[in-house]
Amino acid sequence: MNKSILNNLSFSFVAQILSVIVSLIFSLGITKVLDVENYGYWQLFILYSNYAGFFHLGICDGLYLKLGGRKLERINQFNFTNQLSFFLIFEILVSILFLLGLFVTTADPIKFHLLLFIVPYIIIANVQTYLSYVLLATNKIEVYSKSVFIEKIFIIVILILLFFLKKIEVNVLIYVYLLAKTFSILYLVFQIRSVVESKGFLNYRVINLRMLWKYALIGIPLMFSNILSTLLIGSNRLLTENKYGIIAFSKLSFSISLVFLFIVFVSQLGIVLFPLLRRMNNENRKLVFYWINNNLTLLFIFCMLFYYPLVEFVKYFVPNYYESTRYLSLMLPICIFEGKFQILYNTMYKVLKKQKTIFILNLLSLVISIALTYTALFWFDSIIFSIYTLVIIIVLRSILSEIMLYRFLKMNKYNLIGEALVMTLFFIIINLQCTFWISFICYFSLLVTYILVKYFRNEINFKFNPINSKN
């Protein structure tokens, strides 16, 4: 494998790890300075912001798929700048329409106030996505990773300053969030200045409008698939807020935000993998797929061990959210199955150009999830039951997508599915039935046994052997 690609992947992984650590500090720090109600409103804004990607209508995803594997230096400067300027105008028009829609559809004054912030966020976030996808598709992973890290560090620095000034409130946090993304955009523009040509800005060319339309047609199935995947978890939170109010939503969101933080992290690594896998022939893809799948299963199963120190930390640092750890023990298995789905399965479907397959799978999962969540909350009046249904749907979707991928790749290795299921069920059962320390000892013992069995069966291999690409 090309050494520069490995270096890029390694840098991206380290940068994303640092980004997760910074985000974790931010998330836990916010719970310390905001009361439960205001934290709920902050999480409600974050939940709304997750769906801003819907408003680029697949253009960014189509761009990513179209440019995947190309070199940045070979992109036409005039056309790139022209398309970017039209995309910016499009996002401004969309945000104006969104604003007009708010006046017609939103009666709740607090939600209306939060959604007003989504108007500029649509423009900022989607332009950031557009530029980021250009870099990722052209293998400029290091630059992209730095932009993510700059954004997170900016937030933490300002948060510390606000803490000492005692000015931390929801509105201020949102302004900081928007400003951090703006700084990230400025950094991205500076880094790609070699393909930006001033003459192309707002210089009307029909061919570039058609190209944006082509990007949208290519990317809209993937965009909808990603939005549906996000809604799978988001719909549970929205229905919980609608049924029980902002306090219950806040406590549930605390647990989900920790899980979602992990999911966002692994999904970013999946984006990094796409140009790498696209350059490989089918046989090499099979080898890489199984190698990554095996190591991800082992890694995610091991990561569930961190649940125990996290519970102790929450107990003493943010005791108001200790109740949330009960939800967290049920939702942590999502990290295994959703993690593998985002970083590997979803990426592989893109490489194989099977976006419609994953779209249908996500759509069916969402419809079933909403129906079961609604039943759990409004008929059985149980948040716990709604979490069970969410976990079951995500696990089944992951298993089904893995089985279909094995068939597409003509592979016959299903042992990893059983391993993940057994460890997940054991983790949930012992945390429901045993005391904290007994469950920790039991899971730790099983984890050691699992690792030893894998080791003696020669199924643990962290060395990434050289693989020849089709190029």
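Every residue gets a Cβ built from N, Cα and C, even glycine.
Whatever TrEMBL says is automated annotation, not expert-curated.
Look at TrEMBL and you will find 9-30 (among others) tagged as transmembrane segment.
Positions annotated as transmembrane segment by TrEMBL: 42-65 (among others).
Residues of the same chain lying 6 or more positions beyond the ends of the transmembrane segment (86-106) and with a Cβ under 8 Å from any Cβ of it are 55-56, 59, 112, 115-116, 118-120, 122-123, 126-127, 130, 202, 208-209, 212. According to TrEMBL, the transmembrane segment annotation covers 86-106 (among others).
Per TrEMBL, transmembrane segment is recorded for 112-136 (among others).
Summarising the annotation, TrEMBL assigns transmembrane segment to 148-166 (among others). Residues of the same chain lying 6 or more positions beyond the ends of the transmembrane segment (148-166) and with a Cβ under 8 Å from any Cβ of it are 15-16, 18-19, 22-23, 25-26, 29-30, 33, 172-173, 176-177, 179-181, 183-184, 187, 268.
Sequence annotations record features per position, and here TrEMBL assigns transmembrane segment to 172-190 (among others).
As annotated by TrEMBL, transmembrane segment applies to 211-234 (among others).
The transmembrane segment annotation in TrEMBL covers 254-276 (among others).
Under the heading transmembrane segment, TrEMBL lists 327-345 (among others).
Beyond the ends of the transmembrane segment (357-377), by six or more residues, the same chain brings 221-222, 224-225, 228-229, 231-232, 235-236, 239-240, 243-244, 345-346, 349, 383, 385-386, 388-390, 393-394, 396-397, 400-401, 404 to within a C-beta distance below 8 angstroms of the stretch. According to TrEMBL, the transmembrane segment annotation covers 357-377 (among others).
According to TrEMBL, the feature transmembrane segment maps to 383-400 (among others).
Feature annotation from TrEMBL assigns transmembrane segment to 412-430 (among others).
Here the transmembrane segment (412-430) has long-range neighbours at 290, 293-294, 297, 300-301, 304, 329-330, 332-333, 336-337, 340, 395, 399, 402-403, 406, 438-439, 442-443, 446-447, 450, meaning same-chain residues at least 6 beyond its ends whose C-beta is under 8 angstroms from one of its own. Same-chain residues lying 6 or more positions outside the transmembrane segment (172-190) and placing a CB less than 8 Å from one of its CB atoms are 30, 42, 45, 117, 120-121, 124-125, 127-128, 131-132, 135, 143-144, 146-148, 150-152, 154-155, 158-159, 162, 196. Against the transmembrane segment (42-65), stretch 211-234 shows more Cβ pairs under 8 Å than any other of 112-136, 211-234, 327-345, 383-400.
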